[in-house]
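What TrEMBL lists as transmembrane segment is 40-59, 80-104, 110-132, 230-250, 270-294, 354-372, 392-412, 424-444, 549-576, 588-611, 640-663. Sequence annotations record features per position, and here TrEMBL assigns domain 'Major facilitator superfamily (MFS) profile' to 45-667. Taken from TrEMBL, the feature region 'Disordered' covers 300-324. Under the heading domain 'Kazal-like', TrEMBL lists 469-524.
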Amino acid sequence: MEISPKENAQYFSNNTILPVDRSSFKSESSASKEKQSCCGGIKIFLGALSFVYFAKALSGSYLKSTITQIERRFDIPSSLVGVIDGSFEIGNLLTIILVSYFGAKLHRPRIIGAGCLIMSAGTFLIAMPQFFMGRYRYERFPSTMNSTVSISPCLQDKSQTPLSALEKFQAKINAGCEKEAGSSMWIYVLLGNLLRGIGETPIQPLGITYIDDYAIEEDAALYIGCVQTLAIIGPIFGFLLGSLCAKLYVDIGFVDLDSLTITHKDVQWVGAWWLGYLIAGAISVVAGIPFWFLPKHLPKPEGRKDSSTSSEQSKFITEDNKEQHTSYQQQVKIGEMAKDFLPSLKNLFGNPVYILYLCASILHFNSLIGMVTYKPKYIEQQYGQTSSKTNFVIGLINIPAVAFGIFSGGLIMKKFRISVLGAAKLSLGSSFFGYLLLLSLFAMGCENSDVAGLTVSYHGTKQMSGYEQGLFSDCNSDCMCSQNDWDPICGENGITYVSACLAGCQASNGSGKNTVFFNCSCVGILESPSRSSSAVMGPCQKGNECPKMFLYFLVTSVITSYTLSVGGTPGYMLLLRCIKPHLKSFALGIYTLAVRVLAGIPAPVYFGVAIDTTCLKWGSKRCGGRGACRLYHSSTLRYMYLGLTLVLGTMSIFFSIAVLWVLRKRSAPQNETLSANGERGTCVTNSRKDNFFNSDHLIQTTYWPEKETRL
């Protein structure tokens, strides 16, 4: 039954409140009509909210997929990319308390619609630098360009290089240096992500509570579960979109692709990162339109008009301020709402279960957000995979495992009628076994690529001395080389050389990607005199064992993702059932705020700083200064990335144990009291049949910041 928004608003405004003393005289037909209209209104809101969740999840996951692309395009280190990623959480920080507290008492659908417009504006702003910066320039020696002049890579004497060609090459460098100010355009990416965070703020706290307030009790769980489960489709499409855009060159449509000297497998390749943001921004605009036509209130279903706190929920809520349970008037002044702010905040922080669970979640999300943010980079550097393949694998394999885990957690809660105490146990067990599986990933890594002067010496032995000091050797001492260049070539001996000059190559043939170098003195050290010492463009592939290790990593990663996700729904239910009903929206806002400030903002930054310490070869900017990292130490990167994740996760488990201990301590004496009175025996925690969560939240899948990319 399709009902226009105008008709919905007119009908709902006339039927919001029904007198109790006349309810018994309603006919069956009028009751059926009201139920049908109510369901129609809430289903329209449900469809709109599901699409918004899809839109925000798509743009958020797409940002994760472009982390390495942004790093290379703006020539910035991982730590600065972490600041850009954390700016989303800063945007939430600026508005989350006001939106979650005051927004719950105002026109919630329209606030969500306004948030969508702000979110789309931020997404468009992220893509804007592409249209104001110059064309992307990667490091390449002039001999590899499409030129009629043949220049020896090893410049033993400047006189052997035609003066016009050398001057032309230097002029290009100087021209690029004048436009170096364009590299500061990453600030617009940061500001755009900040706006995304502001716009996304009202969607979760206001949207979920709107459904919880106006849905039929037995349908609320299904509705919220559908919203959260459908939100998983967003990251799948986000990473698949990232995979597609990573294959397209950054300046596609503006340059001749045949003239490129690198492929999408090259470490300097930058895909069309900006294209996905334009698509994501357009989707956010469309997603926000329906909310401007939805009513402020819907008629509450008959069975929920006088609903009170569930017996199990009241068991864990202190009964001290019962007068706060009275419902608010529809028309509430801002001043009256502000007067209740501090008492509500004090009430929340006086709840030990809420505080302990909040601490556990902060540590847990520090672990997960840092891991998820740099997972594409880790796969690319550890296993030698391209950005396109990495995003494809994450979107098509990891994220469905997360979705299945979330749904499984809700299903377990419903089937076995798990209590609050059981939910705490399930959440703890999920984290424990998930991090235990994560421990096995330490054994699934690849060895360092053999790079002369960095990981191995020019004689093929393992490099033990300082990194960049080892780039020069007797075989290239006669060449005029720079240690700042990164233009790797692969020698016949299977060793990668930082540049053709450092490989001592005397001649080259061909142009662009098909360039072949000959008479490379450093390559010839390990070759027999009868063989020619040649090399080709691009780095050598990783060892033969690496593809096998990558397969093991994928399988273990999928199982770990599923295991960690199973505990999400029980943990969320634990949070909802241990706070007072009228504080639900506010409590979720404070929870989200704390996670944003103490996990979402700092985690990408210090994870990025830790990853930067494992860099072996930094790129250089045209006007001097350090650029993006070109090569990481594989073993150190693995221990740093996984170790930091595991330490934070282990610390969160201890707080989860404390939550379980408090719940046990609080439920034990109340069980004795309830059993003695005989009136509320249904609240006994150990009873499996009579003591379980209300059905309005049983299959509800959980929300957490950037949950959609929890891998």
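Placement of Cβ uses the backbone N, Cα and C atoms for every residue, glycine included.
Since the structure is predicted, the reported quantities are computational estimates derived from the model, not experimental observations.
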Contacting positions for the transmembrane segment (40-59) when only residues 6+ beyond its ends and CB under 8 Å are counted: 1-3, 5, 8, 12, 109, 112, 116, 119, 123, 196, 200, 203, 207, 210-211, 214-215, 223, 226-228, 230-235, 237-238, 241, 277, 280-281, 283-284, 286-288, 290-291, 294-295, 298, 708
Folded-back contacts onto the transmembrane segment (424-444), same chain, C-beta under 8 angstroms, at least six residues removed: 364, 409, 412-413, 418, 549, 552-553, 556-557, 559-560, 563-568, 570-571, 574, 638-639, 642, 645-646, 649-650, 652-653, 656-657, 659-660, 663
Beyond the flanks of the transmembrane segment (270-294) by 6 or more, those residues with Cβ under 8 Å of it: 5-6, 8-9, 41, 44-45, 47-48, 51-52, 54-56, 58-59, 62, 65-66, 69-70, 72-73, 109-110, 112-117, 119-121, 123-124, 126-127, 129-131, 136, 138, 192, 199, 238, 241-242, 245-250, 252, 264, 387-388
The transmembrane segment (549-576) vs the transmembrane segment (354-372): 3 or more CB pairs under 8 Å: yes
Among 80-104, 230-250, 354-372, 640-663, stretch most in contact with the transmembrane segment (392-412) (C-beta, under 8 angstroms): 230-250
Per-state residue totals over the domain 'Kazal-like' (469-524) - DSSP helix, strand, coil: 11 helix, 15 strand, 30 coil
Top Cβ-contact partner of the transmembrane segment (354-372) among 230-250, 588-611, 640-663 (pairs under 8 Å): 640-663
Close approaches to the transmembrane segment (588-611) from elsewhere in its chain (Cβ under 8 angstroms; 6 or more beyond its ends): 77-83, 85-86, 88-90, 92-93, 96-97, 99-101, 197, 204-205, 208-209, 345, 348, 358, 361-363, 365-367, 369-371, 373-374, 377, 575, 632, 637, 640-641, 644, 704-706
PLDDT averaged over the residues of the domain 'Major facilitator superfamily (MFS) profile' (45-667): 80
Chain residues outside the transmembrane segment (110-132) and at least six past its termini with a C-beta under 8 angstroms from it: 49, 52, 55-56, 59, 63, 74, 91, 99, 103, 182, 185-186, 188-189, 191-203, 206-207, 250, 273-275, 277-278, 280-282, 284-285, 287-292, 294, 296
Distant-in-sequence neighbours of the transmembrane segment (80-104), which means Cβ under 8 A and at least six residues beyond its ends: 60, 63-64, 67, 70-71, 111, 122, 186, 189-191, 193-202, 205-206, 209, 334, 337, 341, 344, 373, 585-586, 588-590, 592-593, 596-597, 600-609, 705
